[in-house]
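Feature annotation from TrEMBL assigns signal peptide to 1-27. Marked as transmembrane segment by TrEMBL: 229-253, 294-322, 328-352, 364-389, 395-417, 455-474, 486-512, 524-544, 556-584.
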Amino acid sequence: MKNLFSSSSSFFCLLLTVFAAFSAVRSDSSDHRYKPGDIVPLYANKVGPFHNPSETYRYFDLPFCPPDDLKEKKEALGEVLNGDRLVSAPYVIEFQRDKESVSVCNTKLSKEDVARFRSAVRKDYYFQMYYDDLPIWGFIGKVDKEGKDPSDYRYYLYKHIHFDVFYNKDRVIEINVRTDPNALVDLTEDAEVNAEFLYTVKWKETNTPFEKRMDKYSQSSSLPHHLEIHWFSIINSCVTVLLLTGFLTTILMRVLKNDFVKYAHDEETAEDQEETGWKYIHGDVFRFPKFKSVFAAALGSGTQLFTLTVFIFILALVGVFYPYNRGALFTALVVIYALTSGIAGYTATSFYCQLEGTNWVRNLLLTGCLFCGPLFLTFCFLNTVAIAYKATAALPFGTIVVIVLIWTLVTSPLLVLGGIAGKNSKAEFQAPVRTTKYPREIPPLPWYRGSIPQMAMAGFLPFSAIYIELYYIFASVWGHRIYTIYSILFIVFIILLIVTAFITVALTYFQLAAEDHEWWWRSFLCGGSTGLFIYAYCLYYYYARSDMSGFMQTSFFFGYMACICYGFFLMLGTVGFRAALLFVRHIYRSIKCE
C-alpha cells in the first residue's frame, strides 16, 4: 500500500511539474485586454529561407529599420530551443487606432545592404512576428522571372506592409499581414538605393470569441480532405494489420496447438525418443544473452523513452500543444525526460541484477549515456554548425548551462536513485525451465534466418502501418504545415506497438522452432528495426518530398532524425523483447521438460 501511495504521488508530482513548466511558455503575462489607444506588444521573431525551417536568423540580421528602443524579450527554455529570438518590432500598432502609410524610416541602402536583401529574396526569405501572441508571417520580397535566363531575373523588396487586425470588445482576435505589390524597392543592380519603409493598420470588429482565436491555425490540418486522408490511412493500416496479424495468429496458434499435442503424445509413448523443435532447446532458451550490461541498459533507455512518449501523448490529448504555443513541446521533452530518468535506472539495474550481473554501477553509467551520449555529440556538432552560420538555432551559453544543470541536478540523481532501488529490489529472473550447464550447438540455418533478413522482415510490417502518417508529421516538424490531430496519431501509435509486438513474437517462434536459442538480442533488434525504416524514409522525404537545401539544413535534418530514429529503435526494441519474453515464458510453462 505504501509503494502504491508513493508511486501515485510521484505520478501527480510529475504532472504538476510539467504543467508548471508550461506556465512560462506563454509569451505575455498580461490578460490580453486593452483600451483604445493602448500599445499592443508586437515582436519581430526571425527571418529565413522558406524551405529550410531550421535555418533561421534574427530579424535585424537583415538591414531593416530598427526601432529607437530595441528590446529583447525574455524567453522560456522551450522557446530558445525552438530557435525563437523575439525583439521589439519597428511597427507601433495601437488598439483600435487605424493608420495609413505611416513611415517607419527613410534610409539609403548601401551596396552591401542591397546584396544581402537580394540574396535573401533569391532564397525566398520569410519573416515571422508575434502580435499579442498571434503569429504573423510574410515574404520580404519577390523575384520577377519574366526572362528565362536567371541573369534576366529582377529582385524586389516589399517596403509597405498592411496589417488587418480584428478585435472583439477589448481583445485582439485575429491579425493578417499582406504586402503592397506596387510598393517595391528594386534590388537587381549593385547600387545604392533609397528606401522608405511604410506600414498601414486597419481595425475591424468581429464576433469571434477570444477563446476561439487560435482555432484558425488548427483548422488547416482538420480540413475535410485532410481528415479523409488521415482516416483512410488509419483504416488502411488497421485492415492490413488485422489481415496479417490474423493470418499469423491462425498459423501460430495452429502450429503451437500441434506442438503441444505432439509433445504430450511423445511423453506418453516414448520417453527415450529424441526431442525436436523448440522443446529440444528448453535447456538453452533462458540462457542469459551476451553483453548483458548493454542489453539491460538498452531496455532501461527504451522503457524511459516509451514512458516519455506516453506522457507527451497525454499532454497532447488534453490540449497543451495547441498551434504556436511556442516551445511547449521542447519544454515538455526536456522536463519529462529529466523526471523519468529514474525509470531507466530502475529498469536497467533491476534487469541487470536478474541476469546475475555484478557491476551495476557501470551498468547505470551505461544506461545514462546510451541515449544521451549520441544525442549530446550530435547536438555539439550541429550547434557548432549553427554558430558558424550565426543562426538562431545556435543555443546561447546560458541555455546550455541550464540544460547541463538539469542533467546534473535532476536527471543524474534520479537515475542513481532508480538504480539503487532496482539493485535492492532483489527480483529473480522467472524462468519456467532449468538452464543446462553447457549450451547446445545451433544447427546451420539458411541465409534468410540471419539477423539482417529477419530485421528487414520485422521492420517492414510496422513501418507500412505508419508511413502515410509519417508524411504529415515530417511536413509539420520539417516544414510549415500545422499538425493537431493527436487523437489519430495516438491510434497510429497503438497500431505500431501492437504490430511490433506481434511480428517479434512470430519471428521469435520461428527462430526457436529452428532450434536457434539466441533469441534475446534478435527479438530486440527485430522490434527496433522499424527505426531503421523510418530513417530510410528520411532519405526519401528529403530528396523527393521537400525542397530543403544547404549544409546547415541537411546536417540538422539527418543529424536530429538519426537521434529520433535511434530513440524509436530503443523504444520499439524494448516493446519487441518484452512481448517475446512473455511469449517464450508462456510456451515453456505449458509443457513438461525434464
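Please read every residue number as a count from 1 along the shown chain.
Including glycine, each Cβ sits where the backbone N, Cα and C put it.
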### Task
Go through the chain and flag residues at least 6 beyond the ends of the transmembrane segment (328-352) whose CB is under 8 A from any CB in it; none is fine as an answer.
14, 17-18, 21-22, 24-25, 76-78, 81-82, 292-293, 296-297, 299-301, 303-304, 307-308, 311-312, 315, 320-321, 360, 363-364, 366-368, 403, 406-407, 410-412, 414-423, 425, 427
### Message
Would you say the transmembrane segment (556-584) and the transmembrane segment (364-389) are touching, if the rule is that at least three C-beta pairs must lie under 8 angstroms and be 6 or more residues apart?
### Response
yes
#### Entry: Top Cβ-contact partner of the transmembrane segment (455-474) among 229-253, 294-322, 395-417, 556-584 (pairs under 8 Å)
229-253
### Considering the transmembrane segment (556-584), which listed stretch of 229-253, 294-322, 395-417 counts the most C-beta pairs under 8 Å
294-322
